Amino acid sequence: MDNFLALTLSGTTPRVTQGKGAGFRWRWLGHGLLELTPDAPVDRALILSAGIHGNETAPVEMLDKLLSALYSGSLTLTWRMLVVLGNPQALAAGIRYCHSDMNRMFGGRWQSFAESDETRRARELELSLETFFSSGQARVRWHLDLHTAIRGSHHLRFGVLPQRDRPWETDFLAWLGAAGLEALVFHQAPGGTFTHFSSEHFGALSCTLELGKALPFGQNDLTQFNVTSQALSALLSGVETSTSSSPPLRYRVVSQITRHSDKFALYMDAQTLNFTAFAKGTLLAEEGDKRVTVTHDVEYVLFPNPSVACGLRAGLMLERLP
């Protein structure tokens, strides 16, 4: 199965749907779904996903290279792993999504969206994770969901972690730093993301990794993600990564800006970078007689997007943690 990406993009089902790799067995579970199981018993399970948004291609190309290394035998697999290419139709079309943003739909939230290929795919992915985790006895469960951002950023690579009732494990956070993430953002409330779903329902240590800017297939400079790719290779093969000399900065979400109607106005232009700072009292958005202002001494914006559909998030405001 060394043509997983090509088969997924073409919508083709392989003639052979299971087989042997170099020290592991593989099974094609459907378009964009591939399970790899080491021959030796392991107690670790990993979801490695990309392409939830179809225009975010660099992580997909990274996963393709990792799979090639596994199949060639140059990389050893020490995790039971499910590889997910989230939105095959959008990936093939080179667009963010075909109908609705799938990364708002998980945890059953797809039921509140108009039925579409994305709602059906979100449900399929939920079931795939349930089957994957229930069919093993993994002591350690990780989920790394690889993305790229629409906008530029003051931090080229950063991670967004879902709300979690328990403390984060230090080795997981340390690995994120070793993977080159310059900042970590901690959600304080539940959400419809893929990583929140895997964390809430299966207890996985989950993170959305934002790796640069969204570009079409073939236009990505993957060398700028070498540190992340090397950390992933080390993770898969069970090699300990060295601790980052510059630990990621930490932020927490303090508020969400939501667009409710066509009267909504976000006072940030297209050049506003992720993690741009705003001083206390700054007017961020207006909608009718409602005004959104900065309430802390300094807040930082993440994912500003004035053109989202009504009812969806138009941005997050963050506070820097000590």
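Any Cβ shown, glycine's included, is placed from N, Cα and C.
The structure displayed is predicted, hence computed values, not measured ones.
According to Swiss-Prot, the residue from His143, His147, His154 that belongs to the Zn(2+) site alongside His53, Glu56 is His147. A strand conformation is recorded for His147 (Zn(2+) binding site) in the three-state DSSP classification. Taking the Cβ of His53 (Zn(2+) binding site) as centre and 10 Å as the limit, one finds 23 other Cβ atoms among all the protein chains shown.
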